[in-house]
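> Marked as transmembrane segment by TrEMBL: 12-32, 44-66, 72-90, 97-116, 136-164, 216-239, 254-269, 281-302. Residues or ranges marked as domain 'Cytochrome c assembly protein' in TrEMBL: 69-306.
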Amino acid sequence: MDWNGIQNFSSNLVFGILLFAMISYWINLSFFSETNQLAKIGNFSTLFANILLFFILCSRWIVAGYFPLSNLYESLLFLTWSLLSIYLYIELKTRSKLIGAILIPVALLINGFANLTLSPEMQKSSPLVPALQSNWLMMHVSMMLLSYATLIIGSLLCLLFLVISKYKDIDLNLIDTSSLPLYNIMVDYYEVKRLSSSNEMAELGKLKLLQSLDNWSYRIIGLGFPFLTIGIIAGGVWANEAWGSYWSWDPKETWALITWLIFATYLHARITKGWEGKKTAILGSLGFFVIWICYLGVNFLGKGLHSYGWLS
C-alpha cells in the first residue's frame, strides 16, 4: 500500500475542506448574520478536516515507527491539527462565528504551505537522523508546537482586539463582569449592529465582544506559556544529552527565548500590574510575529543546530 500517496491525497483534501469552511464562515458573517447554518457547515467541515489530519499523523507514526515531528512537513501538519483542535474547543464554548472566520485562514495558509510549497521529497517519511533518535523528540517538539498553536491563537485574538477597537483605549470595566458566566458568550458586534437600530445596543455589543476577546486571549496565552516553558526546558535537557551543553545561543534558541520573554512580560503585566485592553493587546500582537520568526523565519537561514529535516 502506498501510504505516502494516501497521506498526500488526504492532506490535499484537508486543504480543499478548509478552503470551503473559510468561505462558508466569511459568507455567513458578511451576508447571513441572522442564521448560523453556513457557520455550522463550516464548523462540521473543519471537524472533518481535523479528523483527517489526525489520521495522517497517526498513519505516519505507525508506518515510520516514530512520532511524526521529524521534519518541516510533519511539524506543519501537527501545528495545523493543534490550531484546529483548540479553535473547535473555543467555538464550542463561545459560540462565535468570528473565531472561525479569523483562525481557519491561518490553518489554511499553513496547510497550503506544507502541500504546495514543500517538495515531494520533503513530504515523505524518512529514517531519523542520529541527532533525532531520542525519546526527547516527542516531549520537546510536541510541547513547542502546542505552545506555538495556543500562542498564535491568543495573539490573533489580541490583533482582532486592536482592529475592532481601532487602536483606541477601551474601558472594559464598564460592563459588570459578575453578570457574565464563566465561559462568557462572545457577542458578535457585527450581528448586533445589523439586527439592532440602536447605537447604544451596538456599542454594548462591541464592548462585550472586546471584553470577551481580552478575556479569551489572556486565558489562551496563559495556557500556551507553560507549554513553551516546558518545551524550552526539555530542549535544554536534550541538548545537554546530545551536545554536552544546555544552551548554545543557536538562532532558534535565541528566538525561543525572545518569544518566552514577550509572553512572560504579557502575563506579568496582567497579573501584577493589572493591565488589560489595548496595552496587553499590543504585547500579545507583537508575540504573533515573533512566533513566526522563531518557528519558520530562522529555518530559512538554514543555519544552526535546529536545521535537521527543515530547509537545509
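Each Cβ is built from the backbone N, Cα and C atoms, and glycine gets one as well.
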> Have the transmembrane segment (136-164) and the transmembrane segment (12-32) got at least three CB pairs under 8 Å, pairs 6 or more apart in sequence?
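No, the transmembrane segment (136-164) and the transmembrane segment (12-32) are not in contact.
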> Is it true that the transmembrane segment (12-32) and the transmembrane segment (281-302) have 3 or more Cβ pairs under 8 Å, skipping pairs fewer than 6 apart in sequence?
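Contact between the transmembrane segment (12-32) and the transmembrane segment (281-302): absent.
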> Short question: which residues 6 or more past the ends of the transmembrane segment (216-239) have a Cβ under 8 Å from it?
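Same-chain residues near the transmembrane segment (216-239) but 6 or more away: 86, 90, 94, 134, 136-137, 139-141, 143-144, 146-151, 153-155, 157-158, 161, 186, 245-248, 253, 256-257, 259-260, 263-264, 266-267, 270, 276, 280-281, 284, 287, 305.
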> State the residues, same chain only, that lie 6 or more residues beyond the ends of the transmembrane segment (281-302) and have a CB under 8 A from a CB inside it; answer 'none' if no residue qualifies.
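Residues packing against the transmembrane segment (281-302) from afar: 72, 79, 148, 151-152, 154-159, 161-162, 165, 214, 217, 221, 251-252, 255-256, 258-259, 262-263, 265-266, 269, 310-312.
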